[in-house]
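In what follows, a single structure is set out as C-alpha cells and then discussed.
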Amino acid sequence: MAASCVLLHTGQKMPLIGLGTWKSEPGQVKAAVKYALSVGYRHIDCAAIYGNEPEIGEALKEDVGPGKAVPREELFVTSKLWNTKHHPEDVEPALQKTLADLQLEYLDLYLMHWPYAFERGDNPFPKNADGTICYDSTHYKETWKALEALVAKGLVRALGLSNFNSRQIDDILSVASVRPAVLQVECHPYLAQNELIAHCQARGLAVTAYSPLGSSDRAWRDPDEPVLLEEPVVLALAEKYGGSPAQILLRWQVQRKVICIPKSITPSRILQNIKVFDFTFSPEEMKQLNALNKNWRHIVPMLTVDGKRVPRDAGHPLYPFNDPY
C-alpha cells in the first residue's frame, strides 16, 4: 500500500508518512525499519546526530535494492547535516559518512539540520569551560553553496532546511541555484505553524512535521501540561472514526498536505501510523483541530547554566525561534 505522496518541485514524490528515527535506540531501530518497509512505508527520516544511521543501513542493505523487497527508486531517504559540519570543506565528507553508514549511493533529500554552526570537529556538542556551546562563524548561505555541489555530483537528489524561520528561508532562496524543496519543523495541533506553512507553500517548499504527536515523551514536560493525545476533541474524533488519537493527529496533517515522520519502534504503532488515508475530516472537524493551536514549541535545545534550564542557542544571531515564524 503506497502511502499518498506530495510532489516536490524537483519532480520527486515524497510520501506523506515516513518513519521517524530520532530517539530510536540502536538495537531497536533496525527491526523498526525492516517492519516499516514490510507494511508499506517508503520514506525513512534519518540524521547523522541521531547516532543510529549504521543500524538503519543494515536494514536498508537487507531489504532495499535489486532483487530485494523494495526497489531503491521506490524508497525516499532523508538525512541531515549536523551543526559541526557547516564549514564548506566539511559538507561532502559529512554526507559521504552518512551514505556509507546508510549503505546508499545517494540520498533523496539532505537537510541542513539547524541554521547555526558549531565549532568544527568530531565532538558533536563542543563546549566552552562554562558549559555553553562553542559556535563557528560559518553562515548558512556558505553551507548551502557546498550542499548544492552534492546535487551536481548526483549524491543528493534534493536539498532542504530544518528549524529555519521564514526570514532565513527567504535568505537561502535569495542565493540558491538549487532551491530548497522541503522545510522540516516541529508541528502538531498545539504548534500549527499556519503562517510558516503558507510561507513555504507559496515558495514551492513542502513541509515535514517532526514530533507530529506532540512529543509527550520529552524529559522536560511539565506534569501539569495538557497532553495532545488526550485532548477531548482528539479522543472524540478517534472514537467517531474508529482510530487511535495518533491517527487523528496524523490525518490532520496529511489533509493539510504536511508530511509527517512519527517515530515508533512498536510494530502495532508503526502500522497504525500509516493507516491514515482511508478517512477524511469534514471542514468543521479540521476547524476543531485547528482550534487547539497554542503556538507551543516543545523542541527547544536546552542547557543547564547555574542550575537553571535555559534555551541553549537563544543568544545566537541565527537562532530561528525569536521571530514570530
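Keep in mind that glycine also has a Cβ here, set from the backbone N, Cα and C atoms.
According to Swiss-Prot, the features are:
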MOD_RES   ALA2  N-acetylalanine
MOD_RES   SER4  phosphoserine
BINDING   11-22, ASP45, 162-163, SER211, LEU213, 215-216, 263-266, ARG269, 272-273  NADP(+) binding site
MOD_RES   SER38  phosphoserine
ACT_SITE  TYR50  active site, proton donor
SITE      LYS80  site 'Lowers pKa of active site Tyr'
MOD_RES   LYS127  N6-acetyllysine
MOD_RES   LYS127  N6-succinyllysine
MOD_RES   LYS145  N6-succinyllysine
MOD_RES   SER211  phosphoserine
For this session: Could you tell me which of these recorded positions, SER4, SER211, SER264, GLN272, has the fewest other Cβ atoms within 10 Å of its Cβ?
Result: SER4
Seminar exercise, completed: The number of other Cβ atoms within 10 Å of the Cβ of SER38 (phosphoserine), counted over all protein chains shown, is 14
For this session: Measure from the Cα of LYS145 (N6-succinyllysine) to the Cα of every one of the recorded positions SER4, ASP45, SER211, LEU213, then give the nearest.
Result: ASP45
Exercise. For PRO15 (NADP(+) binding site), which DSSP three-state class applies?
Worked result: strand
Problem set entry | Local backbone state of LEU213 (NADP(+) binding site), from DSSP in three classes | coil
Exercise. List, in sequence order, the same-chain residues at least six positions removed whose CB sits under 8 Å from that of LEU213 (NADP(+) binding site)?
Worked result: HIS188, LEU228, LEU229, ALA246, LEU249, LEU250, PRO262
Problem set entry | Alpha-carbon spacing, SER211 (phosphoserine) to SER264 (NADP(+) binding site), which is rounded to whole Å | 11
Seminar exercise, completed: In chain order, residues whose C-beta lies under 8 angstroms from the C-beta of ASP45 (NADP(+) binding site), counting only those at least six residues away in the same chain, are GLY18, LEU19, GLY20, THR21, TRP22, THR78, GLN184, THR208, TYR210, ILE261
For this session: Determine, from DSSP, whether ASP45 (NADP(+) binding site) sits in helix, strand or coil.
Result: strand
For this session: Filter the recorded positions SER4, SER38, TYR50, LYS80, LYS127 down to those whose C-alpha lies within 10 angstroms of the C-alpha of PRO15 (NADP(+) binding site); answer none if the list is empty.
Result: SER4
Exercise. Roughly how many angstrom lie between the C-alpha atoms of SER4 (phosphoserine) and TYR50 (active site, proton donor)?
Worked result: 27
Exercise. Of the recorded positions GLY11, LYS80, GLN272, which sits closest to LYS127 (N6-acetyllysine) by Cα distance?
Worked result: LYS80
For this session: May I ask you to report the DSSP-based helix, strand or coil state of GLN272 (NADP(+) binding site)?
Result: helix
Exercise. At the Cα level, what's the spacing in Å between GLN272 (NADP(+) binding site) and the residue listed as 'active site, proton donor', rounded?
Worked result: 24
